[in-house]
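Heads up, the thing below is written out as structure tokens.
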């Protein structure tokens, strides 16, 4: 693996590093061999190639596996000279030991392993300290900048890179190298820094304070002190045949300055700093066609440096220009080409580069194929990835655990969970055993796919195979259960991971907050939010947005605004989703003016509203009946063609809002605008228009849009059939509705409760109670359980058909199923019993209705008054009137007529004296409260005899 080493005066260093597994020694070892020309394979170069290694090689091996990355075909660790930092702490650079190199060898090129013998000598300068060395990077701020340091640590915890922040904020000279201090030993740093660095776990970011200020430091790797020894050239060649060696090797160039031309030296020097690499590219472009072009090695080196900085476009440009003038690309340059095409989302082009690699005489390794697999999966081309994985098994490149993990992850993202599970079994069959990442990737996919119970079984398998379930796996499970509405299970898993000593991260907390918010458990969600802060885990925008969205959906707008203020106070900027949730919440509560205030705040904070923002605002206005306001907003925002344009969701929102207000003509105008804008509409569009036309009774237009669904290549879905069945039932065109119902079942769709209810209601209204009864029984047989509406329809139908026993049996059945009667149920029963003269039954139902907390409607009082009057039970009439007066029932013209009729039909004129006494303040309304109406009757009680007559 190729990477820049620290600069040594008089030398330009490049090294080859190998892991301790490639050495027979218990400690780390270093080798030095000076060669003029050595035609031996390097990296994946085949033995038939005549290319040679660079003239001067140095080999190092490190005892710690963490010091070498096995995830790529070459490493990209950039190590700065430690002297700049150490000098700042009073340590002279002369005390830092650097290798002194010597020795040489020459040999004529050969095709096979060279038969030569040479000794390599390697010595070091003076050095202080011994034992463990660590690779450290840091950033330094002034002592009074504690708040800045905490903010930077928070940003690193959220995924930002310490080296990037060091370049921007550090006051140490090492900022030019991303804060990199290089390999250091004890005794080379001030005590406070040394203690923190040598106590820090690998990759952890820790704080410390020295006399120079406050530091954030990170230990990237560690190794033992080098043990120097000699190596024969033949042994070197043998090592280069070991795939494990070449996969982990790192080339070090130790040429003297006079051996390198000025252009090469300048390009290499410029590449030492990320900020000047573009200057290196400019120099390369000017020199590539000149009399002193960069060497082949420098061209290839520049390609690799650009790759390390993520400048794939520039790397590709340099590659094209160098090959155009005849520079032969080395293996790693061709590999960079693979990376370029993967990063530019063209993995099929990357597959083409594989052929180019083979053409140049190189072998393709598993890392490159894994890279292509990753690109295919990221592009959603999982079938192609599966095919490539099968080709790997048939070739000499055996898939490793990374290969399988990549494809498993891709299948999970594509929701092909069954295929992912099968592939996991397949990798075991081929002797490639899953690791923690394998289990975690599949577990996460199962949770996101709603298969949380399968995920729990996989976790048990993971434990049984000796793997520790980490915070990532637990976070996935907690998120999965919370998304399924089971926040209790999510909380149980949260406490389980705490007992195991695992520290929840921001994703864990956020998932739990979201789950608790969805179920309206705001106090618990807020407690989790506070706990995050206490544990030093800072809530991110996702955490806050989840809670705000839940509060808005639950109508707790004031709490959502309080949380928004808290979010801003803590320096967490809301995103578009946050503002959209608030806008939607305000609109749903009918607070349109406040939603515009949120929109203004959003723009003041530099967040440009997008089409989703405005669609959310329009939806909220339409749902609260403010359709004219929605039309104004639409016109203001979208009529300017230079601004954002409405999408299909925006048009559908307006069409639905207009249709629900009965303004079908205007909805059709919007449909025309949508088509003119290039949106043909989707199934939701046509379902909305079909439903609106059926409400109007416009069957011709309804069928026109049904035809549009077919013409645009869409299939009518079950919701389309439901709308049609309901519409034709309400138009009393029951035979057409029955035909659609049969067609729905013929296409393999299962009718839903709404479909049965629509048909049963229409049949009962036309007196076909037996047909309705058969449908009702079919519902139960098809495991489509009747709901309270189903029972209400059938009870009403049974009463109207005079089948009182069936009505009573339905009531019993309903109660046995645990369905609680609603206001319609009670009203239907009261109407049915009073119409049949069964006033005792009606009175009992009325009492149950009141006891259940329902307020009787005017039609219920009217039915009871009429029933008592017909029975001549005037005492009950008077009692009911007293109750109505106490409840301040508002009287409709029908109730007033019934009361007058009841009183006038009575021969007992003294009953007027039994009327309740009321206050004299009567509001002047067309529909007046009961007590005021009876008060008026009392004023004119002397006229009752004449009215009775």
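Our numbering is plain: 1 for the first residue shown, then up by one each step along the chain.
For all residues, glycine too, the Cβ spot is worked out from N, Cα and C.
Features of the protein shown, as given by TrEMBL:
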DOMAIN    131-221  domain 'PpiC'
REPEAT    365-399  repeat 'PPR'
REPEAT    435-469  repeat 'PPR'
REPEAT    470-504  repeat 'PPR'
REPEAT    505-539  repeat 'PPR'
REPEAT    575-609  repeat 'PPR'
REPEAT    610-645  repeat 'PPR'
REPEAT    647-681  repeat 'PPR'
REPEAT    682-716  repeat 'PPR'
REPEAT    717-751  repeat 'PPR'
REPEAT    752-786  repeat 'PPR'
REPEAT    787-821  repeat 'PPR'
REPEAT    822-856  repeat 'PPR'
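Applying DSSP to the domain 'PpiC' (131-221) sorts its residues as follows: 34 helix, 30 strand, 27 coil. Note: the repeat 'PPR' (682-716) comprises 27 helix, 0 strand, 8 coil (DSSP; helix = H, G, I, strand = E, B).
Counting same-chain residues at least six beyond the ends of the repeat 'PPR' (752-786), those with a Cβ under 8 angstroms from any Cβ of the stretch are 718, 721-722, 725-726, 729-730, 732, 734, 737-738, 741, 744, 793-794, 796-798, 800-801, 803, 806, 817. With a cut-off of 8 Å between Cβ atoms, the residues of this chain six or more beyond the repeat 'PPR' (647-681) that come close are 611-612, 614-615, 618-619, 621-623, 625, 627, 630-631, 634, 638, 688-689, 691-693, 695-696, 708, 712. The DSSP breakdown of the repeat 'PPR' (822-856), given as helix, strand and coil counts, is 26 helix, 0 strand, 9 coil.
Sequence-distant neighbours of the repeat 'PPR' (787-821) (same chain, 6+ residues past either end, Cβ-Cβ under 8 Å): 753, 756-757, 760-761, 763-765, 767, 769, 772-773, 776, 779, 828-829, 831-832, 835-836, 838, 848, 852. Along the repeat 'PPR' (505-539), the predicted structure has mean pLDDT 80. Here the repeat 'PPR' (610-645) has, by DSSP, the following mix of helix, strand and coil residues: 25 helix, 0 strand, 11 coil.
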